[in-house]
Amino acid sequence: MLLWPGASGLPPPRIFPSLLVVVALVGLLPVLRSYGLQISPTASTIRGSEPPRERSIGDVTTAPPELAPESRPVNHSFAEHSPKARKAFPVLGIDYQHVRIPFEIALWILLACLMKIGFHVIPTISSIVPESCLLIVVGLLVGGLIKGVGETPPILQSEVFFLFLLPPIILDAGYFLPLRQFTENLGTILIFAVVGTLWNAFFLGGLMYAVCLVGGEQINNIGLLENLLFGSIISAVDPVAVLAVFEEIHINELLHILVFGESLLNDAVTVVLYHLFEEFANYDRVGIVDIILGFLSFFVVSLGGVFVGVVYGVIAAFTSRFTSHIRVIEPLFVFLYSYMAYLSAELFHLSGIMALIASGVVMRPYVEANISHKSHTTIKYFLKMWSSVSETLIFIFLGVSTVAGSHHWNWTFVISTLLFCLIARVLGVLGLTWFINKFRIVKLTPKDQFIIAYGGLRGAIAFSLGYLLDKKHFPMCDLFLTAIITVIFFTVFVQGMTIRPLVDLLAVKKKQETKRSINEEIHTQFLDHLLTGIEDICGHYGHHHWKDKLNRFNKKYVKKCLIAGERSKEPQLIAFYHKMEMKQAIELVESGGMGKIPSAVSTVSMQNIHPKSLPAERILPALSKDKEEEIRKILRNNLQKTRQRLRSYNRHTLVADPYEEAWNQMLLRRQKARQLEQKISNYLTVPAHKLDSPTMSRARIGSDPLAYEPKADLPVITIDPASPQSPESVDLVNEELKGKVLGLSRDPGRLAEEEEDDKDPDGGLTMRTKEPSSPGTDDVFTPAPSDSPSSQRIQRCLSDPGPHPEPGEGEPFIPKGQ
């Protein structure tokens, strides 16, 4: 087995992409020589039957024996034993015509896959040039090579494009459509898709008609309806080109869904305008009734396509109820019903793209609830593979068809088309955004408007519609096709290659590479429920209200019909958590892992016993991506989504806790004691009060109703906060302790009475003013002699500010016990 050095970390050789191209082109040699293989002239044919196949051995070609005419008698026994009638047994033969069609299809798909591998091997090229541009270049080279050997290159037929290549891309986009971003911005998307496409078609068609009038003899015979038809073809944004470019630059979700949603939903407008102007071009006179019918056909085409898609989506979801015993065919129903929806819409000239999107969006939640996880993985990767191959073939065939098609070049018409396309796109985006921002909460910034206008790429849909034009009714279809190809190449090459550096230059927000956590998903749903309740209270019925209505209807009626078994009841999160724990415990018992778990059920004890265990040695292995995705899916489906009237509680219905008050008082005393010890240890006390000023009456917490109401028998103290002498806080030092420290003489009996009176019934600390002992005399403290050592020490302590105060030391003390 050959080993490639790139697998061990070494860069791949530069010649590797060239070798892939050479291998693909060598494989095309049978296709190039297919027209040169002819039947041997010696081979005879039987009338009304298939001609006999020629056989070859080495370089010698032999033909089947010539049959005798019917009128001539033949001796069968002689013919059987005659040595001239027998030929050597053919060991090897060549019959390319027998396998030509499937061989060429497989060869083109192989070429597309090899090209994708070759482009991504060299990161410098893939980081500068988009993949779509490189595929078109490969198509041009292959087309030129086929034409250089004298053969006719294949052309991208419109039937092949619309019936086989386009549906996988649209189904992949519709089935995995980010529904939340799409529904939240649906109004903006519809305005850009409908009004913007109409503006581009009529603006471009009118200006091109004016150019044709003054452009010269070659184009002055193109009428107004022909120019309007051309404008409707070239005005639509192509979803294939948008996907190919925007997936590589990783633009943020808002801009991506606006541009991509516009490219999906403008299909109805494009189909209606295309058929309308194509029919009007054959009329001698167009009346008002025809215009009204054409206007009504827009609603029929768009809404009819949505209806067809919804019907097939419901049928697919209902069918998936009965596939629990046959899991193998589950992915097949998704592909078949979606494709049938597209074909049914095209059968009635409805919008097939709208039908595919509607069917994918409708069937996905119910189908995924019924099918297994392996079937979901199969659907996901098969759709991604199918759409990627189709996209690659489209761009390659676009380059090949450019070489093979017939063109008619006119500088005036082509340059005017390119210039007016850019002007119409810019003016349309600016005008519509100015109107949309009046109603949006999150406004579209000028940077967003520039990216939306710059991301209007054209692609293979416009080419296929232009190729469908009949030369008998539209003699200038070659000129139209040349102008369409020019616009496609300009938007894909110039705009597609420069949009990445422009996004980096403008610092446009990009898409988050990491997936949202389960915590974020839970809080997102919580905010949705909260906004729904706010809308109900305000009486404003926004999209949250209608979304909740649809969810309730879906849970009550639709899920019971389309989802099988108990999965339609959507159990509560706690019940599901118990089921998950039970399942995990059963797995541990079966695997024999319970022997490693200690007998204690506490998680903390497990952490203490195995504090340094490596992640690989843990009992429970890490979750895989599939397991994590399954948990996300189950949580997303089982979270509470309904707005039920729960039991409301207030302070009158709550049961009182008998230990709550005692616990709060204990916390209050503990905090007061801690505050007292902190002040004494740091010598941080307020300056001594003047002897002629009474102290505060009480010190209580803020919740006490008597905190700021002095008693009647106590003097009222008025404190001016602006005065520098007003204390900022009340010292909570015990009066007895303070008196002992200062050496003050107090009457012991009097002091005991005051202590008895100062006791607060609720356990708080109370401070009272000193009442006079006799009328006319102020009972004040008698200080000790100033020359005593204790007095000198306390004066130094009071005058010295001490160490730096801690944070919050000078602020009033408010307990936090409550």
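Every residue, even glycine, has its Cβ placed from backbone N, Cα and C.
As annotated by Swiss-Prot, region 'Disordered' applies to 44-76 (among others).
Annotated transmembrane segment per Swiss-Prot: 99-121 (among others), in sequence order, evidence recorded as similarity to another entry.
Annotation comment: Swiss-Prot describes 131-148 (among others) as transmembrane segment, evidence class similarity to another entry.
Under the heading transmembrane segment, Swiss-Prot lists 159-176 (among others), citing similarity to another entry as support. Nonlocal intrachain contacts for the transmembrane segment (159-176), taken as residues 6+ away from its ends with a CB within less than 8 angstroms of a stretch CB, comprise 239-240, 243, 260, 264, 334-335, 338-339, 342-343, 346, 352-353, 356-361, 364, 379-380, 383-384, 386-387, 389-391, 393-394, 460-461, 464.
Among the features that Swiss-Prot reports, transmembrane segment is placed at 187-215 (among others), with the record citing similarity to another entry. For the transmembrane segment (187-215), the list of distant contacts is 221-224, 227-232, 234-237, 257-258, 261-262, 264-266, 269-270, 273, 410, 412-413, 416-417, 420-421, 424-425, 427-429, 431-432, 435-436, 439-440, 452: same-chain residues at least six beyond its ends, Cβ to Cβ under 8 Å.
Swiss-Prot lists 223-249 (among others) with the feature transmembrane segment, giving similarity to another entry as the kind of evidence.
The transmembrane segment annotation in Swiss-Prot covers 253-283 (among others).
The transmembrane segment annotation in Swiss-Prot covers 288-322 (among others) and is backed by similarity to another entry.
Positions annotated as transmembrane segment by Swiss-Prot: 351-371 (among others).
Summarising the annotation, Swiss-Prot assigns transmembrane segment to 374-404 (among others) and lists similarity to another entry as the type of evidence. Proximity of distant same-chain residues to the transmembrane segment (374-404), defined by a Cβ-Cβ separation under 8 Å and at least 6 residues beyond the stretch ends, is recorded for 108-109, 111-113, 115-116, 132, 135-144, 146-147, 152-156, 161, 164-166, 168-169, 171-173, 175-176, 240, 243-244, 327, 330-331, 334-335, 368, 459-460, 463, 467, 485, 488, 626.
Annotated transmembrane segment per Swiss-Prot: 411-438 (among others), in sequence order, evidence recorded as similarity to another entry.
Positions annotated as transmembrane segment by Swiss-Prot, on the basis of similarity to another entry: 445-469 (among others).
The transmembrane segment annotation in Swiss-Prot covers 476-505 (among others) and rests on similarity to another entry.
The region 'PI(4,5)P2-binding region' feature in Swiss-Prot is assigned to 509-516 (among others). Confidence annotation: the region 'PI(4,5)P2-binding region' (509-516) carries a mean pLDDT of 75 in the model.
If you look up Swiss-Prot, you'll see 552-560 (among others) marked as region 'PI(4,5)P2-binding region', on the strength of similarity to another entry.
Per Swiss-Prot, the feature region 'Disordered' maps to 741-818 (among others).
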Hey, does the transmembrane segment (351-371) touch the transmembrane segment (476-505), meaning at least 3 C-beta pairs closer than 8 angstroms, sequence gap 6 or more?
no
How about long-range neighbours of the transmembrane segment (445-469): same chain, 6 or more residues beyond its ends, C-beta under 8 Å?
155-158, 161-162, 166, 192, 233-234, 236-242, 245-246, 251, 254-255, 258-259, 270, 274, 394-395, 398, 401, 405, 421, 425-426, 429-430, 433, 477, 480-481, 484-485, 487-488, 491-492, 495-496, 499, 502-503, 506, 508
In the region 'PI(4,5)P2-binding region' (552-560), how many residues does DSSP put in helix, strand and coil?
9 helix, 0 strand, 0 coil
Considering only Cβ pairs under 8 Å, which range in 131-148, 223-249, 253-283, 351-371 makes the most contacts with the transmembrane segment (411-438)?
223-249
Listed stretch, out of 131-148, 288-322, 351-371, that has the most CB pairs under 8 angstroms to the transmembrane segment (223-249):
131-148
